[in-house]
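**Student:** Pasting the relevant annotations from TrEMBL:
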type: TRANSMEM; residues: B:16-39; note: transmembrane segment
type: DOMAIN; residues: B:73-285; note: domain 'ABC transmembrane type-1'
type: TRANSMEM; residues: B:77-98; note: transmembrane segment
type: TRANSMEM; residues: B:110-130; note: transmembrane segment
type: TRANSMEM; residues: B:161-184; note: transmembrane segment
type: TRANSMEM; residues: B:204-228; note: transmembrane segment
type: TRANSMEM; residues: B:267-286; note: transmembrane segment
Amino acid sequence: MSTLTTAPAGTPAPTATTVRTETRPPTARAVLGKTVWTLAVVLISVTTVMPLIWTLSTSLKPEGEILSSYLQFVPENPTLANYVTLFTDGPFGRYLANSAIIALGGVATNLFFGGLAGYALAKLSFRGRGVVFSLFLGSMMVPGIITMVPTFLVLRRFPLVGGNDLFGEGGAGFINSYGAVLIPFAAGPFAVFFMRQFFQALPDELGDAARIDGASEFRIFWNIYLPLARAGLAVLGVLTFQAGWNSFLWPLIALNDPEMLTVQVGLAGYVNEYQTEYGPLLAGTILASLPVLIVFIFAQRYIIENFAHSGTK
Amino acid sequence: MSAAVSATRRQQTISAWIFLAVPVALFAVFLLLPVLMAIGLSLTDYAVIGDFEWVGVDNYARIVDDPIFWVAVRNTALYTVLYVPAGVVVALGTALLLNRSSRVSRVFRTLFYIPVVSSTVATAAIWFWLLNPQYGLLNAVLGWFGINGPAWLYESRWAMIAIVMMSVWAGFGANMIIYLGALQGVPGELVDAARVDGAGAFRVFWHVTLPAISRATFLILTLLLIAAFQVFDQAYVLTKGGPGNSTLTLVYYIYDRGFGRLEMGYASALSFVLFLAILVFSVINARVTGRENDR
C-alpha cells in the first residue's frame, strides 16, 4: 500500500534521504507474501486455463500424434484434419446451425418479451401487479425436473401442430422442431425479473411527460425507456445466449432426430463411445465452446460485474 | 381531472396486460399446467403408448421398495456431500486471494472464471481427455509426484470423485464472484480494529470476515445444494451412470425411467419426491437466512 509513486516499486529511490522515511524497501515478510500470492494465483490459473489449451493443442494434432506424443504441447505437424472430419463424416455443421438458431432465437424473444413484461411490472400501475411479480419470482424457484415430463407431453400433444388434430392426437406436436426448445423458454421469468429491476432504476418522469403529449404506452416503452435500458439488454442478451447455446438436458429430450440435434447433444454422442476418437471429439469441443468464449471475452467485464451485484443484492 | 387520471389508469391496465400476455401465457402452459400435470401423472401408470389407469399412490409405494432409487439417492447424497463443501471452500479461498483492487487481480479473476463459460458437455469432453488413465494430463501430473493415478471414470470407487472434481472446477468461478462482491462489503474499520487488538490473520478471518459474509455463504450453499440435487449432464456425458451404477444420479434415473423406458407416471412420482426434497432444503435455507438477516 505504501508503494512510492516517484520510483518503480522495488527500486530504492535515488534521493532516499530527501523523500519521506516511508521509502524503506519492502520487508522480507512482504516479499515472501507477494511471492506466495503470485505463485498461488498462477497455479490456479494454470489449472483453469491449461485444460482448454491442451484441448486446443490436441485437436490440432494428426491422428498418429495424439496418443504417441500426448504430453507435447505444440503439435509437431499441426493440421485441421480433425475439424474437416467433423464436417465431412457427420452433420456437425448442422448441429452448429441448430444451436445458433436456438440460442439467437431465445435471445430475441427473451429480450423483447422480457423487456415488455419487465417494463409493465416496473413502470405501469395496475391492479394485480404484485401478484404477477410474485408468481414470476416464485417460478424461478421451481426446479426444472418437476416440469420435465409434463412439458414434453404438452409439446407433443399440442393441438393442430406437427400433424396433431384438435385433441393433440396423430402427430408429434412440437417435438423435433425448433419450437420445442424455443417456445417453453421464450420469455423466462429471469428475463422478466432482470428487466424489471433495470427499468425500476429509471425515472418515472420521462414516461409521464410523453403521456401528456399523447404518446401510446408501447411508444413510450419502445422509444423512450428501451433505448435507456441498452446496457441491461446487452447483459441479458449475453446471459441468454450462453444459457441457450450451452443447454443440454432439454434439447436432449425434445430433439432426437439426427438432423435436429444441437451441438451439445451431438458432441455428447462423441464422448464415451466404444472407441473414443479424441481428435474429432476435442475439435468438436473447441467449436462448441468458441461462440460463448468469444462473447465472454467481449462482454466479460459487464457479465462479472452484473453477476456480483445480483449475488449481493 | 380525476376522470383524466382514471382514464390513464385504465389505459395503463390494458397496456400492462397486453405487455404481459406472452410471458403470463407461457407461465400458465409451461409451468403451472406441468406442475399440476406432474401431480396427476404421478398417480397413473401413463406410459405414452397404450391405455393408462389411475393407480393412486402405488407409484410412491413402489419408490420406497425400488432398490435402484436408493442407489440413486446414495449417489446423489455422496455427490452433494463432496461437492457442496468443496465448492464453498474453493470459491471462498479464491475470492480471498483476489480480494484486492489491482489490475493484476482483475486479470486473474477473468482467468479463474473461464471454466464457467464453457458448457457442461464441453467441460466433460475436456475432462474425459484429462482423466484418460493412460494418456490423461491428470495422471501424468500425478506421475511426476510418483503417484500411480487410478482409472478414474472406469473404477466405481473413483468415478463419482472424478465427477465432483470436474464440477468444482467448472463452477467455482461463479460463486467466487458472489464472494468477491460480499467481501467488498466487509467493514475495513472492523478488520483494522481486530488487528490493533492483536488478532492474527486467522482469527480476523474467523471472527470478522466470515460473519460479515454469511449472507453470501447461505446464498451459495442454497445454489450449490439445489444444483447438486439435480446433477445430470456430467454423469450422462462422462459415465452414462456407470460403472456399475456408481454415478447414477436421481435426475439421471428420472430421465431414464421417463424417456428411456417411457414410464412417465413413475418418473413423475420420482420427480415429485425430488422436488419435495429440494423444497425442504430451500425452505430451511430461507429460514436460516431470514433469521441471520433479522439480527
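Note: Cβ is positioned from N, Cα and C throughout, glycine not excepted.
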**Student:** Can you tell me which recorded stretch out of B:77-98, B:110-130, B:161-184, B:267-286 has the most Cβ pairs within less than 8 Å of the transmembrane segment (B:16-39)?
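**Tutor:** Selected stretch: B:267-286, with the most Cβ pairs under 8 Å.
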**Student:** Between the transmembrane segment (B:161-184) and the stretches B:77-98, B:110-130, B:204-228, work out which stretch tops the count of Cβ pairs under 8 Å.
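**Tutor:** Counting Cβ pairs under 8 Å, the winner is B:77-98.
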**Student:** Taking residues 6+ outside the transmembrane segment (B:204-228), which of them lie with a CB under 8 Å of any CB in it?
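**Tutor:** For the transmembrane segment (B:204-228), the sequence-distant neighbours (Cβ-Cβ under 8 Å, at least 6 residues beyond its ends) are 76, 79-80, 83-84, 87-88, 91-92, 96, 171, 175, 178-179, 181-183, 185-187, 190-191, 194-195, 278, 281-282, 285-286, 288-289, 292-293.
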